[in-house]
Amino acid sequence: MRQLIEPWRHVFKLDPDRELGDLELEAICLSGTDAILVGGSTGVTYENTIDLLNRLRRYELPCALEISDLEAVVPGFDLYMIPMVLNTPDTAWIIGQHRKAIQRYGSLIPWELLLAEGYIVLNGDSSVARLTGADHSLSAEGAAAYAQIADKLMQLPVVYLEYSGMFGDMKTVRLVREMVENSQLFYGGGITGEAQAKQVAALCDTVVVGNIIYQDIQQALLTVQAVKKTPQMLWE
Ligand code: 1GP
């Protein structure tokens, strides 16, 4: 499954709990983005997730479900991304929910379709930070240390810098970039147009664009080519 995500430079994240018209969905799916990630922190249900998957299946894009609620695990996605929030004192969000899921679903789990994400949550005002009690007041060095836990100790396929709703501190992103050697570095948060998309694309492997889809779809669409045309800086 690692191979499926490797080419992803740009990803749109769609929230099943938010309305998106058919024309807008079509524009997103035909935009040239590499994949659709379905997920949200609150209000995600089995019903709204399966509805969105059915609408997405008219298009040929890879669709991944980022699981945040055990009640909303829908079969039929190409891939399941499993967040492990590293910077929370609450083990429920590191391994606790995961233990429950394995006990509940056991042999039904298609392990070959799962990828773990080492999440580092950095915007204290986001739903995900409130939900997980994440220690968002990390220094750049603190965030980079968590990134190394994910990359080097846990050897997770993905490190996800999550600034959801806020554009991140590029100094932190840069330091994390310098430290991550093997994991694929995802960034999400507060990208509202081309300029921000380019800054992130230079530093990260995969750029995730969410909220702006629902606020200004034209700006959201512009981020695709902005990311694709930006080469990544090379790190020794
Ligand atoms: C949210 O990382 C994503 O989980 C994207 O963030 O919604 O702020 O674009 P935004």
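Each Cβ is built from the backbone N, Cα and C atoms, and glycine gets one as well.
All TrEMBL annotations are machine predictions without curation.
Of the residues proposed, G32, G43, G133, G190, the one TrEMBL records at the same sn-glycerol 1-phosphate site as K13, Y160, L161, E162, Y163, S164, G165, G210, N211 is G190.
In sequence order, N123, S126, M166, Y187, G188, G189, V208 are the same-chain residues whose CB sits within 8 A of the CB centroid of K13, Y160, L161, E162, Y163, S164, G165, G190, G210, N211, the residues recorded for sn-glycerol 1-phosphate being left out.
When the Cα atoms are compared, Y163 (sn-glycerol 1-phosphate binding site) and D15 (Mg(2+) binding site) turn out to be 16 Å apart. Distances between the Cα of D15 (Mg(2+) binding site) and those of the binding-site residues L161, G165, G210 are shortest for G210.
Sequence-distant neighbours of G210 (sn-glycerol 1-phosphate binding site) (same chain, six or more apart, CB under 8 Å from its CB) are F12, K13, L14, D15, S164, G188, listed in sequence order.
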